[in-house]
Amino acid sequence: MDNVRGSIMLQPLPEIAESIDDAICHELSMWPDDAKDLLLIVEAISRGDLKLVLVACAKAVSENNLLMARWCMGELRGMVSISGEPIQRLGAYMLEGLVARLAASGSSIYKSLQSREPESYEFLSYVYVLHEVCPYFKFGYMSANGAIAEAMKDEERIHIIDFQIGQGSQWIALIQAFAARPGGAPNIRITGVGDGSVLVTVKKRLEKLAKKFDVPFRFNAVSRPSCEVEVENLDVRDGEALGVNFAYMLHHLPDESVSMENHRDRLLRMVKSLSPKVVTLVEQECNTNTSPFLPRFLETLSYYTAMFESIDVMLPRNHKERINIEQHCMARDVVNIIACEGAERIERHELLGKWKSRFSMAGFEPYPLSSIISATIRALLRDYSNGYAIEERDGALYLGWMDRILVSSCAWK
């Protein structure tokens, strides 16, 4: 996609006018603002400029201009498609978010989103396919595992706490790596926080793997939301080297802007009190936590455009699961970011700079990722599109698509 055109399209409507013929702009300057906006939108529709119409609709919603918003929504319905170009697919879900925002608020929106969730096993199957075709999960898991393996290289008793264990896929490679350690594998305990029904499957899966590779292993299941986890749930024991993993989960915790309880910082302080040897953080490099609605919409449009374009390269449009993957792994996030506010908006991403501030305030110090980890991940990316790139900066790793950073990874102690 043309970068110059893309940057113009992400500007507010009065600034977009600068890209139009000078004569038209002069004429528009004599018109009321609503008339100017309307003409710009009509021109955007006629040339199929979906991004501009999306931004115009979001601007109308933010200004509570119901007539303009509903007219834009009607036009957008004829421009978006869940089986079209990346921007058409993303546009379909962003439109859904705008409609939901205009129609309702708070818990009613969140409940309507929840009602469309697939069963846990079904959702995890979609995540698995995404894991295989795009490097986002592998990047995060490999960088975190590398930091944990390095920190634990001389330890004989290891306890890893994963605050969002999912399928437990991250730990397969690490268990195998520990099994290959000269002199024998260490004793490993993994505490997994997650959905109770899934934890049973994860426990059996990891126990079977550990037995196959002759690794002493135990699994501790914590079936409760991460924000409700207390020290006594984690079964931390003396004599065990502790590692803690926060992979794609801290952004789900409400911070001080949502609740006085501030679970985001509370959890970090609690983990610091356990004296872990290493703590790993993997997060989407996106700024949607405290931003007002319109800037948040623009950031979401920019970020997920890159995400959908990268998936389009790796997963054919006729792939039978692609729509399900996009709908359940990303679209729900997009709709939540756009439609919801307050406690009902659970997708609250922050940039790594803000995460660094939070970790520092909780008493952590950086644990720089080694060059070996970045070299390993660079080798991994050879299996994917050359549109992906790795950047190593200030002890952290960044994964990007074209000129947009999508994921960051770092470690702390």
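Each residue's number is its place along the chain shown, starting with 1.
Every residue gets a Cβ built from N, Cα and C, even glycine.
Predicted, not measured: the structure shown is a model, and the values here were computed from it.
The annotation domain 'GRAS' is assigned in Swiss-Prot to 41-413.
According to Swiss-Prot, the feature region 'Leucine repeat I (LRI)' maps to 48-108. Per-residue pLDDT, averaged over the region 'Leucine repeat I (LRI)' (48-108), rounds to 90.
Taken from Swiss-Prot, the feature region 'VHIID' applies to 127-192, supported by sequence analysis. For the region 'VHIID' (127-192), DSSP puts the residue distribution at 33 helix, 12 strand, 21 coil.
The motif 'VHIID' annotation in Swiss-Prot covers 158-162.
DSSP states for the region 'Leucine repeat II (LRII)' (201-233), grouped as helix (H, G, I), strand (E, B) and coil, give 18 helix, 6 strand, 9 coil. Annotated region 'Leucine repeat II (LRII)' per Swiss-Prot: 201-233, in sequence order, evidence recorded as sequence analysis.
The region 'PFYRE' feature in Swiss-Prot is assigned to 242-336.
The annotation region 'SAW' is assigned in Swiss-Prot to 339-413.
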Checking distant contacts: for the region 'Leucine repeat II (LRII)' (201-233), what same-chain residues at least six beyond its ends satisfy Cβ-Cβ under 8 A?
121, 163-168, 171-172, 175-176, 178-179, 185-195, 249, 252-254, 263, 267, 270, 273-274
